[in-house]
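Trainee: Handing you this structure, nothing more for now.
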Amino acid sequence: MEFLLLLCFFLTISLSSGDDTIFANQSLSGDQTIVSKGEKFELGFFKAGNSSNYYIGIWYKHVSSSPTIVWVANRETPISDRFSSELKIKDGNLVLLNESNALVWSTNMIPTALPASLALLDDGNLVLRYGSSSRPPIWQSFDHPTHTFMPGSKLGYNKRTNTKQVITSWRNKDDPAPGLFSLEFVPEKKQSVLKWNGNVLNWKTRYQIAVGIARGLVYLHEKCRDCIIHCDIKPENILLDADFCPKIADFGLAKLVGREFSRVLTTMRGTRGNITVFGDMTYNGRGLPIYVDLMISSSIVLGGFSKLEFSFSSGADTISANESLSGNQTIISKGGNFELGFFKPGNSSNYYIGIWYKKVQSNPPTIVWVANRETPISDTFISELKIVNDNLVLFNEFKVEIWSTNVTTTGLNSVTAVLLDDGNLVLRDGSNLVEPVWQSFDHPVHTWLPGAKLAYDNITKKSQLLTSWRSNEDPGLGVVKNVVPGVLDVNMPPVPRTVKLYLDNMEPIVFFTESSSNGSSEAPSNSSNDGSQSKSASSSR
């Protein structure tokens, strides 16, 4: 008995002192851990939330006081006593035995008598090897992700075994068992998709989640009484309620930035970059596995949220083929006379692409041309104006094309859209900078600018028209139009509903006259002399 106690004490000292490996003659239990060589990750027993159960997991070694778990072995088979349970190598497999010495989890490889060892690497990968440490692993945790996608881990589909790697959220903060959110690779679509309860979340729901996060951050940074910089936005800190409304949580690191702070951060803050599918802290176990922090980690596509586009700072006069315009971005003519971008008319919640005077100080700006006057958008930061297939195209927040220059062309070279100093927006072919492929002056809206066209095409039977806005809040087609400068054509406005009902139900009016001969009354005829007959009858009375 004394020998066993000494052996247990020896293993405790050894494993907690920074070893990164478990050999065939060792076991891990209680508070013992192994730590990767660079001390980036640690493996051991942990207790989830307020639960009384314990699990074998991997977490960041030096990040926050409460460990950030990135992998769980026995997520569906917890143990209740970590001191009586053991993680050890048996028959060439890594196994976890509970307090009753029953097998609750295993790497499940074919048993072998070869000497095996387990090592925790500095990238968070747990590897099982036979023989020398230089040999490739026969099993690794990166092939079996649980709720966190780590750089280097796999998310794919094995055609031979018909198995796939799936990242699944925790059931709730106290239970790391598989929850309702999952991220997996779909071979038919050749892309990774985000699922809720086995079904793919539609784009509208994902879009609402992303916008909700952005609005929450805007409120923290600009709208609340005491502005707050969160400093640790990550999936674990984005929660969803029953209506998929995101909630920003855990403001512990916000205290690192004082109230008077007003400069740009260029250093890393918060948790190391990784993509985590984590359960909800307080809202029905729904975690948010779609946040990508591009400042910390490389861009990873999750259900279509990440994209690669070149953007430009306001002030350029050109949109090139590899650029897009969205949000508050604008292009300005070289002389600074005109500006193009998104605008919101009046008190409307809709947005449009328009051109306005840059140097004329007015609020709202004086709009002279509108692209999508009949097809508004609701979110400028998700929508994009860009060149696609040699045309200038506007996509709304659902990536649906809602406006285009609609030019049929072939063999164009390096098409660009340029805003000129006369207010003309031109689409140019790189090989012919003189004649535009398309220009807004051929498609006036409600304002005639010097150089714009108002004419009739005998071939296409089309006219350039100036048409008024529908209202101050709606630039859609109004009732006043102009075909030739100086000549107005006002369309007949619709008949008011009350007047139309009156006219539709109005009965004919009959005038009665009194006969002098027989005392009877007779209705006059509908002939043209009705009026004279009535007058004579009246005068004879």
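Counting starts with 1 at the first residue shown.
Keep in mind that glycine also has a Cβ here, set from the backbone N, Cα and C atoms.
Automatic prediction, not curation, is the source of TrEMBL annotations.
The signal peptide annotation in TrEMBL covers 1-18. Per TrEMBL, the feature domain 'Bulb-type lectin' maps to 19-141, 316-440. For 40-449, the entry in TrEMBL reads domain 'Protein kinase'. Residues or ranges marked as region 'Disordered' by TrEMBL: 515-541.
Map these features onto the structure and tell me what's around them.
Mentor: Residue counts for the domain 'Bulb-type lectin' (19-141) under DSSP, split into helix (H, G, I), strand (E, B) and coil, are 1 helix, 53 strand, 69 coil.
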Trainee: How does the domain 'Bulb-type lectin' (316-440) divide up by DSSP, counting helix, then strand, then coil residues?
Mentor: 1 helix, 52 strand, 72 coil
Trainee: Would you report the average pLDDT that the model assigns to the domain 'Bulb-type lectin' (19-141)?
Mentor: 91
